[in-house]
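Trainee: These came from TrEMBL, pasted as-is:
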type	residues	note
ACT_SITE	Cys22	active site, nucleophile
ACT_SITE	Arg28	active site
ACT_SITE	Asp134	active site, proton donor
DOMAIN	16-160	domain 'Phosphotyrosine protein phosphatase I'
Amino acid sequence: MTHDRSVPSPRTPGHYRLGLVCLGNICRSPMAEVVLRARVDDAGLAGCVDVDSCGTGGWHVGRPMDERAASVLLAGHYDPSDHRAQQYDDTWPAAHDLLLAMDADNLAELGGRSERVHLFRDHDPIGTGDDVPDPYYGGERGFEEVLAMVERTCATLVAALQREPDLGARP
Ligand code: 4NP
């Protein structure tokens, strides 16, 4: 199994679309979406990198983030308030340059690894290729651990995006 930390080239030069996928779209992928968007913004790439997220299950469609996920994000000075859950469908692969699955089950739902489908933690320098564990049935601590993994992995992802030749290159 390869754990390639590079990202595939964008389909449209100068514009990158990243989609994050978990099960319910109320805990892990929305936490990663909010953190990744903040890091993209910090890197000056907000105008050319889009980030969104979805769940393979549809139970929570239209609902805001899980309160525990939101409070851990708020404690880290991120804003969770805009999130509304949405469900994965088969328009997602063509609409994104890279889909990142939070765990092996989510990855299997996307058809497994490919050039444009990775496990999120393929990009984590610690625990490369591991799952982001589902914190939904656990306590606050699980959400704090998810945030630490997500922050680390988003830093690596943004570094990979910064190596893309056409992104952020505009005067
Ligand atoms: P997520 O967590 O996939 O990280 O959003 C879950 C949220 C809800 C459920 C499972 C996992 N659920 O079964 O409702």
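Just so it is clear, glycine is given a Cβ too, placed from its N, Cα and C backbone atoms.
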Trainee: DSSP helix, strand and coil counts for the domain 'Phosphotyrosine protein phosphatase I' (16-160)?
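Mentor: Its residues fall into 59 helix, 23 strand, 63 coil.
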Trainee: Least buried of the active-site residues Cys22, Arg28, going by other Cβ atoms within 10 Å?
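Mentor: Ranked by other Cβ atoms within 10 Å, the active-site residues Cys22, Arg28 bottom out at Cys22.
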Trainee: I want to check the contact list for the residue listed as 'active site, proton donor': same chain, sequence separation of six or more, C-beta distance under 8 angstroms. What comes out?
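Mentor: In sequence order, Cys22, Leu23, Cys27, Arg28, Met102, Asp103 meet the Cβ cut-off.
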